[in-house]
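Trainee: The following block contains the structure, expressed as structure tokens.
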Amino acid sequence: MAAKSDGAAAVAGPGPEGPAGADRGGAGGRGEVAAGIAGPGPVEAGCPGPRYELRDCCWVLCALLVFFSDGATDLWLAASYYLQGQSTYFGLTLLFVLLPSLVVQLLSFRWFVYDYSEPTGTPGPAVSTKDSDIVGAAISTKDSAVAFRTKEGSPELVPRPAPSSAGAYRRRCCRLCVWLLQTLVHLLQLGQVWRYLRALYLGLQSRWRGERLRRHFYWRMLFESADVSMLRLLETFLRSAPQLVLQLSLLVHRGREPELLTALSISASLVSLAWTLASYQKVLRDSRDDKRPLSYKGAVVQVLWHLFTIAARTLAFALFASVYRLYFGIFIVAHWCIMTFWVIQGETDFCMSKWEEIIYNMVVGIIYIFCWFNVKEGRSRRRVTLYYCIVLLENAALTGFWYSSRNFSTDFYSLILVCVVASSFALGIFFMCVYYCLLHPNGPMLGPQAPGCIFPEAPGPCGPPADAITSPPRSLPRTTGAERDGAAVGGERAGTPTPPVFQVRPGLPPTPVARPLRTEGPVIRIDLPRKKYPAWDAHFIDRRLRKTILALEYSSPATPRLQYRSMGTSQELLEYETTV
């Protein structure tokens with residue numbers, strides 16, 4: 001099955017390479033995606049997938065608690081300003097709550113519309129399985145609805161029977177109810193709450209269901225968790241970060257002890273920022289089979305790391321903005337431009353189109369105003385060190401300018417704030433060192449993996465079989481004319497025939513190894529090179545590809561594998577053919 005970027009589907013025949021071979025076909029152009037069943041490939045029956053545990057459920061519940069506490073304290077504080085007659089503070093506080101929420105709800109509802117919509121004139125994706133050796137998947141296209149069925153490795157197209165009138169009526173009623181419910185949820189600004197609850201439901205279903213459905217629900221739970229983590233990351237840096245700077249600036253400007261409500265709002269915004277960053281990194285690592293997952297200990301230490309560094313950063317901003325408001329605005333814009341240019345210069349590869357990549361880089365530039373955010377593959381030690389050296393100098397300069405405007409002899413309160421900025425930043429750097437030295441998940445997940453195994457857990461069963469060819473032929477060194485002549489003359493002089501160009505080295509007879517029984521399962525081939533960490537895989541951000549994969553995955557009696565196109569394999573094959 002091939003899914004192009006325009007939503008159409010085509011059928012691809014069985015591939016000879018199986019689950020471990022690379023996709024040697026396809027144009028590989030930008031924006032063109034092929035998700036195909038590459039034929040029956042060996043999938044070990046004894047390869048269990050990850051399980052949804054109680055701590056995963058508790059993590060989602062804590063995320064919901066952080067979400068509600070952040071929004072509730074901000075709205076409560078805005079109402080307090082309104083009752084006190086402070087219309088300016090009320091307007092700014094409410095603006096930083098409603099505007100980011102509206103943007104995120106529109107984006108969330110747009111995702112829902114695409115995920116739940118159907119092409120015009122065709123029914124939606126329908127899947128069915130009858131026997132263990134039959135895989136049936138009906139994939140919608142723009143022109144017609146067809147069913148793709150493989151039996152004993154041979155694909156064929158069969159027309160899908162039209163649904164009965166009663167079934168079609170019930171289907172339309174159910175769809176209408178879902179549309180009304182989702183519209184109401186997003187109008188109430190609860191789209192993220194719905195996605196959190198849905199991720200929780202899918203995770204629990206993956207724990208309670210059988211093996212095949214367990215994998216299916218776990219896969220959908222990862223998709224939902226990825227969506228809500230990206231939405232929360234966008235919202236927190238559009239809402240919580242400006243709200244935190246605003247309330248701290250007002251607090252410093254008034255020069256009095258904070259009220260309980262103001263302190264709660266500041267604390268909730270700070271925790272929301274730190275929690276969202278750690279949660280995003282955890283979901284990103286959990287979604288990639290080529291990286292070790294982030295443990296909950298590491299996630300908690302990440303929360304503390306970001307909590308203290310962002311606290312020092314925002315307090316330095318608030319101190320400077322309380323005295324030099326115009327210069328603070330110039331500083332923020334200049335810092336954002338420099339950081340955005342730095343990100344663009346690094347040539348990130350997160351999105352599927354150029355314009356989406358530019359918007360993403362601009363959002364990352366906003367994040368870099370407050371904290372570190374890894375967007376480039378490879379070792380990040382030098383980049384982290386450079387970033388925090390710049391942040392340290394900026395914090396010291398902003399705090400120093402503010403302190404120079406105070407009365408040195410009598411204002412002991414100012415000295416305390418300077419010490420708070422310094423100690424908070426030092427604590428954040430300490431927790432960052434603890435994370436990278438003790439809790440950072442280094443290395444590939446459980447050793448080398450077959451490309452794209454959806455649910456890897458043990459390296460043995462999930463890897464390629466022993467009789468599969470996993471590496472392409474290497475390029476041969478060119479033979480010069482002198483070497484050819486010398487070899488010919490030497491062979492004639494010695495009176496011995498010239499040895500053959502290719503020789504087969506005798507090896508030891510294969511030792512029989514007991515292997516578990518295998519069931520035949522499809523390999524879903526994606527005609528795109530796999531994005532490297534810390535980018536999301538294409539099947540997480542391309543919703544067309546996601547819909548096709550979910551339909552194929554649900555219809556297969558055995559767990560399919562995702563297989564991205566290997567750029568290195570294509571280059572090596574081309575070099576080999578040219579050389580020989």
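Residue numbering: from 1, along the chain as shown.
The backbone N, Cα and C atoms fix where each Cβ goes, glycine too.
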Trainee: Pick from 218-238, 260-280: which range does Swiss-Prot record as transmembrane segment?
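Mentor: Spelled out, Swiss-Prot records transmembrane segment over residues 260-280, not the other listed ranges.
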Trainee: Taking pairs 6 or more apart in sequence, does the count of Cβ pairs under 8 Å between the transmembrane segment (303-323) and the transmembrane segment (59-79) hit 3 or more?
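Mentor: With fewer than 3 qualifying Cβ pairs, these stretches do not touch.
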Trainee: Six or more residues beyond either end and a Cβ under 8 Å away: which residues meet both conditions relative to the transmembrane segment (89-109)?
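Mentor: Counting only partners 6 or more residues beyond its ends, the transmembrane segment (89-109) has Cβ contacts under 8 Å with 71, 74-75, 77-78, 81-82, 182-183, 186, 189, 191-192, 195, 227, 231, 234-235, 238-239, 242-243, 246-247, 250.
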Trainee: Sequence-remote contacts (6 or more beyond its ends) of the transmembrane segment (59-79), Cβ cut-off under 8 Å?
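Mentor: Sequence-remote neighbours of the transmembrane segment (59-79) are 90, 93-94, 96-97, 101, 192-193, 196-197, 199-200, 203, 232, 236, 239-240, 243, 247, 261-262, 264-265, 268-269, 271-272, 275, 279, 282, 296, 299.
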Trainee: Residues of the same chain, at least six outside the transmembrane segment (415-435), with any C-beta under 8 angstroms of its C-beta?
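Mentor: Sequence-distant neighbours of the transmembrane segment (415-435): 252, 298, 301-302, 304-313, 315-316, 319, 384, 388, 391-392, 395, 399, 403.
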